[in-house]
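S.K.: Quick one: this structure, given as structure tokens, is what I'll be asking you about.
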Amino acid sequence: MLSLDFLDDVRRMNKRQLYYQVLNFGMIVSSALMIWKGLMVITGSESPIVVVLSGSMEPAFHRGDLLFLTNRVEDPIRVGEIVVFRIEGREIPIVHRVLKIHEKQDGHIKFLTKGDNNAVDDRGLYKQGQHWLEKKDVVGRARGFVPYIGIVTILMNDYPKFKYAVLFLLGLFVLVHRE
């Protein structure tokens, strides 16, 4: 009966109240987008916050940990650093540790990664013929984390009905909530 109460509240609103609530919802969404874009500029990363999706980095990071990233051009990549990188042809970025660095005479740096919980390096994950990653492949470097808070994101991706139910309820709450 909880959802019916929400619908009754929406029906009882006059047009002005409903318009105000829709605008309020729009302000919340646009504020979230502005905060995200601001974080992108400050951190230099296209994705300043990511969720660890697998157990390949255990015990350092667990599935569902939320990572905060930076990607400043002037900072050199070092062995032992945890980086988030994209592989051509794959949509989801990977969180792994830098295992080796290969520096050419011209100063161009390439590096090899490996998950802490994996037996072998990541060459099998890279696109065919690629043996090293380059700076352009890096989304960011881990600078901090919050344990397990990202499990909500994993649940929403694994169970789409759960995601739509949560989004629907949040939207209804914003529309019905009166200040």
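Numbering starts at 1 and runs along the chain as displayed.
Yeah, the Cβs are placed from backbone N, Cα and C, and that goes for glycine too.
What you see is a predicted model, and the numbers here were worked out from it, not measured in a lab.
From Swiss-Prot, here are the annotated features:
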type     : residues : note
ACT_SITE : Ser56    : active site, charge relay system
ACT_SITE : His96    : active site, charge relay system
ACT_SITE : Asp122   : active site, charge relay system
REGION   : 165-176  : region 'C-terminal short (CTS) helix'
TOPO_DOM : 1-16     : topological domain 'Cytoplasmic'
TOPO_DOM : 37-179   : topological domain 'Lumenal'
TRANSMEM : 17-36    : transmembrane segment
S.K.: Work out how many Å separate His96 (active site, charge relay system) and Ser56 (active site, charge relay system) at their Cα atoms, rounded off.
M.R.: 8
S.K.: Specify the secondary structure state of His96 (active site, charge relay system) as given by DSSP, simplified to three classes.
M.R.: strand
S.K.: Measure from the Cβ of His96 (active site, charge relay system) and count the other Cβ atoms within 10 Å, all protein chains considered.
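M.R.: Around the Cβ of His96 (active site, charge relay system), 22 other Cβ atoms lie within 10 Å.
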S.K.: Within 10 Å of the Cβ of Ser56 (active site, charge relay system), how many other Cβ atoms can be counted across all chains shown?
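M.R.: I get 20 for this one.
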S.K.: In whole Å, note down how far the CA of Asp122 (active site, charge relay system) lies from the CA of Ser56 (active site, charge relay system).
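M.R.: One finds 11 Å between the Cα atoms of these residues.
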S.K.: What is the Cβ neighbour count of Asp122 (active site, charge relay system) at a 10 Å cut-off, with all protein chains included?
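M.R.: By my count, 20.
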S.K.: What average pLDDT does the predicted model assign to the region 'C-terminal short (CTS) helix' (165-176)?
M.R.: 81
